[in-house]
Amino acid sequence: MLGKNDPMCLVLVLLGLTALLGICQGGTGCYGSVSRIDTTGASCRTAKPEGLSYCGVRASRTIAERDLGSMNKYKVLIKRVGEALCIEPAVIAGIISRESHAGKILKNGWGDRGNGFGLMQVDKRYHKIEGTWNGEAHIRQGTRILIDMVKKIQRKFPRWTRDQQLKGGISAYNAGVGNVRSYERMDIGTLHDDYSNDVVARAQYFKQHGY
């Protein structure tokens, strides 16, 4: 217990609280880290349309490398949103790469037969569109949707590690929480049955390149 004559102790306590608040405000690891997630990478069904003769993590990294130049246009926004919402910017970049190749395949900001909007392909049938297709408001909306999926997976699978729950949330971003039934088979039912594995492998690449 601090006394009136313990100013140094009080200073140390305040410094500790300040440091703790700094971690909470500026951190990006609230939902786990892609660096610790196991992944099989892209399926051949995802890799083949990209003109690749190989599959797996190597294919995911090749695709991410191709997207890096375009992704870097949004790096500041992606990192800002990641820090604000306490999730790794690399995860956001991985989803943007998978959903829109960092905007390269969109037409006037739209994809998925006119249903998906923006870099993160927010579906207009289920969400009220926010911001411009490549702006911070859009990235923030897509990331909030992702975090909501992660939180629902946390409640559904409380015994999973944070990293496993993050991977489950990524899978649910594509096919919904109901599609995630087990850790090993969470991607069955996602597009090409590889969504979270491909996104995680791409995210690992982006994390190694400053995201």
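In case you wondered, yes, glycine gets a Cβ from its N, Cα and C as well.
Keep in mind it's a predicted model, so treat the numbers as computed, not measured.
Counting only same-chain residues six or more apart in sequence, the Cβ atoms lying under 8 angstroms from the Cβ of Glu99 (active site) belong to Gly111, Gly116, Leu119, Met120, Gln121. Positions annotated as active site by Swiss-Prot: Glu99 (among others).
Secondary structure at Asp112 (active site), as computed by DSSP, is helix. Feature annotation from Swiss-Prot assigns active site to Asp112 (among others); the stated evidence is similarity to another entry.
Among the features that Swiss-Prot reports, disulfide bond is placed at Cys30-Cys86 (among others), with the record citing similarity to another entry. DSSP assigns Cys86 (disulfide bond) to coil, not to a helix or a strand.
Applying an 8 A CB threshold to same-chain residues 6+ apart, the list for Cys55 (disulfide bond) reads Gly41, Ala42, Ser43, Cys44, Thr46, Ala47. Taken from Swiss-Prot, the feature disulfide bond covers Cys44-Cys55 (among others), and the record attributes it to similarity to another entry.
The signal peptide feature in Swiss-Prot is assigned to 1-26; the stated evidence is sequence analysis.
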State the Cα to Cα distance, in Å, between Cys30 (disulfide bond) and Asp112 (active site), rounded to an integer.
31
By a simple count, how many Cβ atoms lie within 10 Å of the Cβ of Asp112 (active site), its own Cβ left out?
14
